[in-house]
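Okay, structure first, notes after.
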Amino acid sequence: MSASDFSSAVVVLAAGAGTRMKSDLQKTLHSIGGRSLISHSLHAAAGLNPEHIVAVIGHGRDQVGPAVAQVAEELDREVLIAIQEEQNGTGHAVQCAMDQLEGFEGTIIVTNGDVPLLTDHTLSALLDAHVEVPTAVTVLTMRLDDPTGYGRIVRNEEGEVTAIVEQKDASAEVQAIDEVNSGVFAFDAAILRSALAELKSDNAQGELYLTDVLGIARGEGHPVRAHTAADARELAGVNDRVQLAEAGAELNRRTVIAAMRGGATIVDPATTWIDVEVSIGRDVIIHPGTQLKGETVIGDRVEVGPDTTLTNMTIGDGASVIRTHGFDSTIGENATVGPFTYIRPGTTLGPEGKLGGFVETKKATIGRGSKVPHLTYVGDATIGEESNIGASSVFVNYDGENKHHTTIGSHVRTGSDTMFIAPVTVGDGAYSGAGTVIKDDVPPGALAVSGGRQRNIEGWVQKKRPGTAAAQAAEAAQNVHNQEG
């Protein structure tokens with residue numbers, strides 16, 4: 001029988017202060033790979049499809065509670081909350097959780113909110129090992145080349161766990177053991193409930209230790225076994241910023257490898273960062289210095305980078321995005337973006353469209369084949385199909401109090417340095433001359449021009465700026481002109 005044939009519940013411990021993070025943000029809310037630490041733990045728990053998930057929170061619960069609720073919404077399932085008013089040890093934390101599991105009979109897995117690399121696959125293997133042979137407690141263990149600081153797993157000849165011995169209490173013989181406690185357990189619910197009632201705080205810390213449940217269970221004749229994780233790196237806890245960075249790097253390494261095995265070419269994995277929710281198609285090329293964040297979706301045959309950051313972006317098949325920062329927007333199939341393009345939320349670039357160098361967009365819809373080649377701001381605007389916006393154009397959308405919309409039709413050609421003073425509409429097929437300030441609607445097919453003939457005021461610089469370098473240069477040039485004349 002497998003774990004899926006048995007009822008299970010998962011308890012996630014996340015009540016600690018995490019003082020070593022030296023942060024106003026509660027420890028489990030720090031993020032790697034686009035998710036908070038506790039979000040990673042809750043996703044792993046949900047992967048078991050347990051009957052119940054309980055998050056035990058305490059320190060910083062005003063921050064952690066809403067975060068847990070948000071993850072529950074993402075998972076589309078209930079996550080129960082247990083409050084540990086005083087952080088009185090791991091045993092006390094699980095006692096608090098049991099109030100939410102009244103009447104539950106089955107297997108309870110206890111894990112932590114600061115082990116972001118732990119997968120549902122490993123938790124499922126622990127659950128399978130626990131139910132395969134009836135056991136009171138199954139400890140998830142790991143083997144380390146350097147086990148210093150960890151509680152050693154002592155087994156008898158039958159392979160049962162007889163003790164978890166902390167480093168400070170271990171003899172030389174025990175210190176030589178490389179199998180250590182991960183802090184993740186599977187318990188028989190009834191035995192756990194009974195043993196928790198017997199916990200005592202007669203130890204150096206004056207706390208209730210969850211590990212004492214193992215001794216109580218063995219004292220009552222119940223078997224305690226261990227299951228060794230296939231990859232010890234999954235069980236690395238995060239207690240400070242160094243460990244946060246290390247866990248983030250390892251998670252990213254795994255994510256990048258998965259993308260490459262899925263058909264993407266990543267030129268330099270060391271400088272490419274991909275969040276866990278990102279989706280990447282086949283035959284994608286990702287150049288160095290690229291960050292793909294949030295729920296970004298990359299289609300097939302897309303080229304991204306170098307030096308590009310995309311957050312919650314959707315990139316259509318065959319598109320190219322170079323040296324661009326983009327947020328919460330959509331790029332159509334076979335479109336080209338960059339270099340040095342800033343795409344702000346609410347932008348949609350149609351298929352075969354173009355956003356060129358030093359272009360900024362916000363709340364802009366740009367139709368199929370339309371181009372904004374360079375040095376332009378497009379905000380609060382709609383541009384039809386196959387239109388071209390000249391260089392250095394500005395969509396002037398703010399009057400000091402309110403934002404206004406500009407509508408550009410299809411097959412429009414605007415000259416360089418055109419200003420669109422919103423609200424304004426430019427009809428299909430219209431043109432504008434260079435330097436035009438468009439304040440009124442332009443009919444379809446019309447040419448818009450503004451400003452009178454150029455007037456040159458001779459001698460203005462020498463009169464108004466006498467003695468300046470400009471005046472001296474002008475006078476010298478005029479003298480040469482007069483001599484040649």
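Even glycines carry a Cβ here, placed using N, Cα and C.
Residues or ranges marked as UDP-N-acetyl-alpha-D-glucosamine binding site in Swiss-Prot (evidence: sequence analysis): 13-16, K27, Q84, 89-90, G151, E166, N181, N239, R344, K362, Y377, N388. Swiss-Prot lists D114, N239 with the feature Mg(2+) binding site. Positions annotated as acetyl-CoA binding site by Swiss-Prot: A391, N397, Y398, S416, A434. According to Swiss-Prot, the feature compositional bias 'Low complexity' maps to 469-478. Swiss-Prot lists 242-262 with the feature region 'Linker', giving sequence analysis as the kind of evidence. Residues or ranges marked as region 'N-acetyltransferase' by Swiss-Prot: 263-485. Here Swiss-Prot flags 465-485 as region 'Disordered'.
What Swiss-Prot annotates, mapped onto the structure for a quick look.
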residue	record	Cβ neighbours (10 Å)
L13	UDP-N-acetyl-alpha-D-glucosamine binding site	28
K27	UDP-N-acetyl-alpha-D-glucosamine binding site	25
G89	UDP-N-acetyl-alpha-D-glucosamine binding site	21
D114	Mg(2+) binding site	27
G151	UDP-N-acetyl-alpha-D-glucosamine binding site	22
R344	UDP-N-acetyl-alpha-D-glucosamine binding site	17
Y377	UDP-N-acetyl-alpha-D-glucosamine binding site	19
A391	acetyl-CoA binding site	19
N397	acetyl-CoA binding site	22
A434	acetyl-CoA binding site	14
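Working note on the binding-site residues N181, N239, S416: by count of other C-beta atoms within 10 Å of each C-beta, N181 ranks first. Under 8 Å from some Cβ of the region 'Linker' (242-262) lie the Cβ atoms of residues 21, 30, 32-33, 116-117, 233, 236, 269, 272-276, 278, 280, 282, 284, 286, all in the same chain and six or more residues away from its ends. For Y398 (acetyl-CoA binding site), the nearest of the binding-site residues K27, G151, N239 in terms of C-alpha separation is K27. The C-beta environment of A15 (UDP-N-acetyl-alpha-D-glucosamine binding site), restricted to residues of the same chain at least 6 apart in sequence and closer than 8 Å, consists of V56, I57, G58, H59, R61, Q84, Q87, A93. Across all of the region 'N-acetyltransferase' (263-485), the predicted model scores a mean pLDDT of 97. Around Y398 (acetyl-CoA binding site), taking its Cβ as the centre, 12 other Cβ atoms fall within 10 Å, counting all chains.
Ranked by Cα separation from A434 (acetyl-CoA binding site), the binding-site residues K27, G89, G151, R344, Y377 are led by Y377. N397 (acetyl-CoA binding site) falls outside any helix or strand according to DSSP and counts as coil.
Proximity to K27 (UDP-N-acetyl-alpha-D-glucosamine binding site), defined by a C-alpha to C-alpha distance within 10 angstroms, is shown by none of the binding-site residues A391, N397, S416. Taking DSSP states H, G and I as helix and E and B as strand, the region 'Disordered' (465-485) has 16 helix, 0 strand, 5 coil. Between the CA atoms of N239 (Mg(2+) binding site) and L13 (UDP-N-acetyl-alpha-D-glucosamine binding site) there is a gap of 14 Å. A Cα-Cα distance of 64 Å separates A391 (acetyl-CoA binding site) from N181 (UDP-N-acetyl-alpha-D-glucosamine binding site). In space, L13 is the closest of the binding-site residues L13, G151, R344, Y377, S416 to D114 (Mg(2+) binding site), judged by Cα positions. Rounded to a whole number, the distance between the Cα atoms of S416 (acetyl-CoA binding site) and L13 (UDP-N-acetyl-alpha-D-glucosamine binding site) is 61 Å.
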